[in-house]
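Enquirer: Annotations per TrEMBL:
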DOMAIN    42-293  domain 'G-protein coupled receptors family 1 profile'
TRANSMEM  27-50  transmembrane segment
TRANSMEM  62-88  transmembrane segment
TRANSMEM  100-121  transmembrane segment
TRANSMEM  142-164  transmembrane segment
TRANSMEM  197-222  transmembrane segment
TRANSMEM  243-264  transmembrane segment
TRANSMEM  276-295  transmembrane segment
Amino acid sequence: WGFNSSFHQPAAFLMLGIPGLEALHPWISIPFCALYLTALLGNCMILFIIKKTQSLHEPMYYFLSMLAVTDLGLVLCTLPTTLGLFWFNLRRIGFDACLTQMYFIHILSFIESSVLLAMAFDRFIAISRPLRHPSILTKATVTKIGLAIVLRGMVSLLPIPFLLKRLTYCGKTELSHSFCFHSDIMNLACADIKVNVFYGMIILLSTVGMDFIFIVLSYILIIKTVVSLATKEECLKALNTCVSHICAVLVFFIPMIGLSMIHRFGKNVPPLVNTLVAYTYLIIPPALNPVIYSIKSSHIREALLRALRRKSG
């Protein structure tokens, strides 16, 4: 874009569904509805079971509750605009509404990354210091960690909407997705966006990037501890407690890294690939996390079966 000295902000942006498949949007909405429903019911079920089961009032399950609340938030952020576009072709979203949605999507993504790090720390303490685990991760400590995670996300991303509002926009107002991303909005500006690019990169690397590095380091230390265990059975039992968390980490970070790479370096990537990776990043983890934990965690599974028996009885 050429620089335009007259300041201009669009009244609204136009959202895009799945490029090239616009005529099939009503049919495509069926799997999306199934994923959203799975995410809503699954995460609500996790929260209900943890709240009602006294034996699950432990740090691991407190952090799982935080993950479930974060996933519910992500679902509720994207569901209205995505299904509104697929069902009713509602493509228009107001400028301020778009910035608000973008802010909460990014905050919740950062919070999810931090919660996964806290869960990795919990697994490390539980395996390497099992006797001291209850005294290290008390209820008060878990609460402080939760508050720190939320404040970190809110404060680090607070400048982003203001950095976008100062830009001049002209010409194209069509977004790449059915929801708002920082890089997507930023690329529609016809002003200098170096500050936005630099700040976005610094915040991403210093939060999500550092979280991922510390998660990897946690698992290196966990593996080192597990290898030193006396028997093979103890080793497998210790590793088995980490399987659900490892799956959640992979489901979240692989699409997120892929989307970040596409937005920054994938200028020639087909729009369909960009769109599918974005949907995978925002919709698949909230739908899969409760399924993963329900299948792999015997405590969650047993509590769920007890609840179902009580209802049927």
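Cβ atoms here come from the backbone N, Cα and C positions, even for glycine.
Automatic prediction, not curation, is the source of TrEMBL annotations.
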Enquirer: Using Cβ atoms and a strict cutoff of less than 8 Å, what residues sit near the transmembrane segment (27-50) while being 6 or more residues removed from its termini?
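Expert: Non-local partners: 17-18, 21, 56-57, 61-62, 64-65, 68-69, 71-72, 75, 79, 82-83, 86-87, 279, 283-284, 286-287, 289-291, 293-294, 300, 303-304, 307.
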Enquirer: Taking the transmembrane segment (62-88) as the reference, which of 100-121, 142-164, 197-222, 276-295 gives the largest number of Cβ pairs under 8 angstroms?
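Expert: Result: 100-121.
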Enquirer: Determine which recorded stretch among 197-222, 243-264, 276-295 has the most C-beta pairs below 8 angstroms with the transmembrane segment (142-164).
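Expert: That would be 197-222.
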Enquirer: To what whole number does the mean pLDDT across the domain 'G-protein coupled receptors family 1 profile' (42-293) round?
Expert: 91
